[in-house]
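These come from TrEMBL:
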type	residues	note
ACT_SITE	E69	active site, nucleophile
ACT_SITE	E73	active site, proton donor
DOMAIN	1-183	domain 'GH16'
CARBOHYD	N77	N-linked glycosylation site
Amino acid sequence: MDPLFVFWINFTEFGVKDKDTVSLRCGFASNHQYLFGRISMKIKLIPGDSAGTVTAFYMNSDTDKVRDEVDFEFLGNRSGQPYTVQTNVFAHGKGDREQRINLWFDPAAEFHTYSILWNRFHVIFYVDQVPIRVFKNNEARGVPFPMHQPMGVYSTLWEADDWATRGGLEKIDWSKAPFYAYYKDFDIEGCPVVPTGGRPSNCSSNLNNWWEGPAYQQLDPIQARSYRWVRLNHLIYDYCTDKSRYPVAPPECSAGI
């Protein structure tokens with residue numbers, strides 16, 4: 001297993017007024033970067049009133065304007081409201097591909113497994129082995145895909161009450177702080193990139209890497225049925241159908257699974 005390192009960011013770096021309450025952002029990260037593979041973590045999210053918080057589990061290339069990133073963002077809620085998970089994909093610095101799912105269980109009551117499979121063919125987001133999103137490689141159609149930059153693994157808990165809950169209408173109730181999310185059973189199976197940089201020659205084309213094998217190049221029939229069930233019953237936002245942002249749907253939106 002890749003060891004993790006913990007980090008935090010002080011309020012004073014952002015000029016936040018209530019700096020004595022809690023830290024603005026904290027998290028942990030892998031020590032290495034990977035080019036393709038699968039990451040998974042069991043997470044129990046913030047219980048009770050978590051409005052305005054975001055708990056994120058993601059991969060990031062750490063390359064600023066040309067960054068690649070694939071992420072889960074769990075958007076805090078008022079007590080009694082469903083927890084929403086937002087997924088997004090950045091490739092070559094281009095993001096704005098948000099989709100949101102209302103989870104069909106209480107993710108603060110017990111641990112659930114969140115996974116990302118990333119190979120040359122697609123990025124798939126899973127919740128308890130149920131696929132909730134598929135982002136296919138459509139580079140042939142001119143759509144950027146995170147194909148060439150290795151990414152590290154991160155998780156953060158941070159304040160985002162300007163947008164996270166009901167578009168920013170619900171603010172953090174600091175009297176409920178501190179806010180805790182719980183993690184266990186981190187697992188990564190991927191192609192590591194050496195710390196000095198570079199791209200191992202077998203990362204993108206070696207079928208001995210199980211995540212590149214035929215069984216992982218598309219959803220199987222059972223996974224496809226589960227995927228359709230999620231999309232039909234729990235999808236609450238999809239950038240592909242947001243006419244105010246995209247009067248003409250982006251080309252990847254018609255690619256299917």
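The chain as shown is numbered from 1 upward.
Every residue gets a Cβ built from N, Cα and C, even glycine.
The structure displayed is predicted, hence computed values, not measured ones.
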Euclidean distance between Cα atoms of the residue listed as 'active site, nucleophile' and N77 (N-linked glycosylation site), Å: 24
Spatial neighbours, same chain, of E73 (active site, proton donor) - Cβ under 8 Å, 6+ residues apart: V54, T55, A56, Y58, V85, Q86, T87, N88
Per-residue pLDDT averaged over the domain 'GH16' (1-183), given as an integer: 86
